[in-house]
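J.: Taken from TrEMBL, the feature domain 'Cadherin' applies to 101-208, 209-323, 324-438, 439-547, 546-652. Taken from TrEMBL, the feature transmembrane segment applies to 666-688. According to TrEMBL, the feature compositional bias 'Low complexity' maps to 805-822. Annotated region 'Disordered' per TrEMBL: 805-826, in sequence order.
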Amino acid sequence: VRFQSCNENKKIHFGSSEPEDFRVGEDGVVYAERSFQLSAEPTEFVVSAQDKETQEEWQMRVKLTPEPAGALEKDEKKIEDIIFPWQQYKHGSPLKRQKRDWVIPPINLPENSRGPFPQELVRIRSDRDKSLSLRYSVTGPGADQPPTGIFIINPISGQLSVTKPLDREQIASFHLRAHAVDVNGNQVENPIDIVINVIDMNDNRPEFLHQVWNGTVPEGSKPGTYVMTVTAIDADDPNAQNGMLRYRILSQAPSSPSPNMFTINNETGDIITVAAGLDREKVQQYTLIIQATDMEGNPTYGLSNTATAVITVTDVNDNPPEFTAMTFYGEVPENRVDVIVANLTVTDKDQPHTPAWNALYRMTGGDPTGRFAIMTDPNSNDGLVTVMKPIDFETNRMFILTVAAENQVPLAKGIQHPPQSTATVSITVIDVNESPYFVPNPKLVRQEEGLLAGSMLTTFTAQDPDRYMQQTSLRYSKLSDPANWLKIDPVNGQITTTAVLDRESIYVQNNMYNATFLASDNGIPPMSGTGTLQIYLLDINDNAPQVNPKEATTCETLQPNAINITAVDPDIDPNAGPFAFELPDTPASIKRNWTIVRISGDHAQLSLRIRFLEAGIYDVPIVITDSGNPHASSTSVLKVKVCQCDINGDCTDVDRIVGAGLGTGAIIAILLCIIILLILVLMFVVWMKRRDKERQAKQLLIDPEDDVRDNILKYDEEGGGEEDQDYDLSQLQQPDTVEPDAIKPVGIRRLDERPIHAEPQYPVRSAAPHPGDIGDFINEGLKAADNDPTAPPYDSLLVFDYEGSGSTAGSLSSLNSSSSGGEQDYDYLNDWGPRFKKLADMYGGGDD
């Protein structure tokens, strides 16, 4: 169905009086909505058209009559021709006159066609094909451009065909251009444009953007309150009924308090409330099943899809907090702070941990001094009554507090409950043993220095705040006394001195001396308190001024020779400066050689009185007197080094070296260096001796049989017997060739050896052998041994080293002397000196 002479810009909406049987597309094409058999009588229905802007409406009656099958098939094979507009040429000359180009109407081709393919659409021809052999072609997307091969043309007949089904959702229209050329490829006709529109079919279901939609609505909302919007899309043409969606709610769960608590705008998808009674405490969440249907919601022909809308009922403050009891009880020890004394519990039906549930507590009475505070536990919502200031049992034994609880946000409008709940808190104070305290603390005492030991200074006592406890009197003790000047009576707190008070002590800062005392009770548990005694010491003139510096240098000539000195006094005004400086009368050389001039209250200048003073070190006594009452003076010795000076007044290097004397510090440093050097030398010697001892001790750790100590030394063979006089006397003439005892390890000797002393000077024989000298040599050695005071007596007990067990030699008990001892005369032993006296007594005596 079409309009004649209509403005193409109008947006027309078609409708059918029999929508169940017939549907009219936006392009005026009438479709059968179902399969049915037409009767012999004409089937009539009305098609209406309405302008969407002006709402102007037209109607037309349509009559459908069945046609024979052959006639219909013949009609279907009838293909429309598209003829190129003609042009006039003259003898091959250029264009002289051209007919206005035709406007080819679009070709409408339904999508998803089932064929058969290729399906003929139109035939393109030129009116010059009668005189020329022409070739036809098409170009454009869908022909020779991607997607290629959808449309083809017979180059001889110009028949345009489609090769496969089309999908409007992929390409809604194709713009092709038809060409006509001769066999040589020369253009015969101007190209013409062909537009092929793909007609939409309802082949796509609506699709929701989300399968589950979440929304919220406050409880107690009035009808008409906006909740949320759900959206679905349809891939079909949105300007046709195939893409026009309609929404509706299929179900609601739960159905309390009404099965229709919500409604949805069928075109926009907006969900709003339609009934009152939303209560989060009863129903916290609703689940809606939403359906979207195309074909403007036609349940018969439209395609549908569903989604879920979850609506959460949010909490509002429609329930105030309520105390679980009318009175709460607690107790607290006195003087304790930051202690929770009571827990206030409330109930609130609103959603936990929200401003509508969180409770705020405040005190409305019973605490005018602000000793308590109530904080909210964020987890349990309880009120924690906390002590903020110390409480004295002797002053307050109980508190009765009135508290109120309310939410962080005010109650919603229209709620009949009171906005807050009140309760009473009874708090009992527990008496505890408190620490004594000194009054005043600190205590300041002004006292002149120099107060003698044993003098009473002051009384420093404390008080016990516990009036209801049975306790004895306080006991006092000293806690801190840096200079150990004071003592305190443990009963009455009287403080006396144990040493002289000295303002110049290192323990006095800014004339103030601090001592700390302790007061203790006998409560349970015992408690104690401290007090500070501050003694402000008044200065007296008990220190004489001294000169500073102690040493100075000047030139031996008159100019320049001034020495600046300063008077130092530990006392303070008025017992210090200004000072008087003078030189003593004795010795006379002081005033003869030196003069002193005061240049200020604390400073003076010492200079030479004579023109020349020999270089050296001079002790110059200076008498300094302070301004105290009475005055205090002292004679300080200034050590002055007089030296030769250069033109700048500095001592020359030679004179400085000659005239310089070592001070006490330098001398001590030199002595320390010498002592350290001696200690190092001594340690080195001891270390060397110890190393030698260890080395020799290792040499003695050998097999006992290899030990040669105390063994008989084998000398050269002397011959066959006593009578044999043919022996070598060189060993007797040169006793120094025998191995000395020095081969024995240092520090290891027998107990019977003589101690290490200065060796006596034994006679030394010449190397020349002479048999007659043997007797003289023996006599001289015997005399030297008798006069040796270091020789041990040979009748002492001899201790030998252990030489090991067992012996290869037999017993000596079987040996018998050839002659008895009584047959020998041993009197000559008495003539051999004290060394042989014991031997003479043993062998030369009688039978006893």
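Keep in mind that glycine also has a Cβ here, set from the backbone N, Cα and C atoms.
Quick one: how deep are these features, and who are their neighbours?
T.: Taking DSSP states H, G and I as helix and E and B as strand, the domain 'Cadherin' (101-208) has 0 helix, 51 strand, 57 coil.
Helix, strand and coil counts under DSSP for the domain 'Cadherin' (209-323) come to 6 helix, 50 strand, 59 coil.
Across the residues of the domain 'Cadherin' (324-438), the predicted structure has a mean pLDDT of 88.
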J.: Helix, strand, coil residue numbers for the domain 'Cadherin' (546-652) per DSSP?
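T.: Breakdown, helix to coil: 6 helix, 53 strand, 48 coil.
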J.: So how many of the residues in the domain 'Cadherin' (324-438) end up helix, strand or coil by DSSP?
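T.: The counts are 0 helix, 53 strand, 62 coil.
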